[in-house]
Amino acid sequence: MGSMNSRGHKTEAQVVIMGLDSAGKTTLLYRLKGYQLVETVPTVGFNVEPLEALGHIPLVLWDIGGQTQLRASWKDYLEGTDVLVYVLDSTDEARLPEAVAELMKVLSNPNMVGVPFLLLANKQEAPDALPLLEIRNRLGLERFQGHCWEIQACSALTGQGLPEALKSLRSLRKSHSHGCVSM
Ligand SMILES: Nc1nc2c(ncn2[C@@H]2O[C@H](COP(=O)(O)OP(=O)(O)OP(=O)(O)O)[C@@H](O)[C@H]2O)c(=O)[nH]1
Ligand SMILES: [Mg+2]
């Protein structure tokens, strides 16, 4: 994936959005595009959308279906990834360990060596959402050595945290070629 200009610089960045089914990836994708809320159905396969903004390298957002039977094909989307966005459902405490295990599987793929990632603790507006700090504590930060990464709270439903998420995404994208800016 990815195209280069004549000086070998990337002209767009490939952003892969993964996470368990119902984490809110598709809702997030269309929110980032600036659409009003869309009703989603479970994604079979993927959705792909360009995201352009003045003064920034265009992003190509790949939203990959997260149902159990689809996860075996996640690896097929990883080649050429510039940044991974991994979406967690903050209200789904029971499946947090499963979500982390699937993330670790993705990160262990050879195509993911040195690829930065953004963890999004989605659905934060929900009354039963685990707070960001709690999620952070449960993740086991030492697991993620070798990658630049950040974690942010957001709600694809209300839009809360999405401008910040986009900002982090862009800065992580730069860290892919220039090393971690923050950790
Ligand atoms: N409360 C709340 N619900 C959300 C939020 N984001 C998404 N949802 C809801 O969660 C459900 C699943 O959202 P999707 O965006 O389809 O989830 P997905 O991660 O794309 O799921 P798959 O395509 O099956 O992998 C829908 O009912 C959404 O409306 C959020 O921030 N807060
Ligand atoms: Mg989806």
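Indices start at 1 and increase along the chain as displayed.
Using the three backbone atoms N, Cα and C, a Cβ is placed for every residue, glycine included.
Remember, TrEMBL labels are computer predictions, not curated facts.
In the three-state DSSP scheme, G66 (GTP binding site) is classed as coil. The GTP binding site feature in TrEMBL is assigned to G19, L20, D21, S22, A23, G24, K25, T26, G66, N122, K123, Q124, E125.
For T26, T43, the entry in TrEMBL reads Mg(2+) binding site. Same-chain residues at least 6 positions away in sequence with a Cβ under 8 Å from that of T43 (Mg(2+) binding site) are, in sequence order, K25, T26, D63, I64, G65, G66.
Checking the binding-site residues T26, T43, E125 against ligand 2 with a 6 Å cutoff on the Cβ atom leaves T26, T43, in sequence order. Of all the binding-site residues listed (K25, K123), K25 sits in the most crowded Cβ setting, with the most other Cβ atoms within 10 Å. In the shown protein chains, 24 other C-beta atoms lie within 10 A of the C-beta of T26 (Mg(2+) binding site).
Spatially close to D21 (GTP binding site) yet at least six residues away along the chain are P42, G65, G66, Q67, T68, judged by Cβ distances under 8 angstroms. The DSSP secondary structure for D21 (GTP binding site) is coil. Of all Cβ atoms in the shown protein chains, 17 besides its own fall within 10 Å of the Cβ of E125 (GTP binding site).
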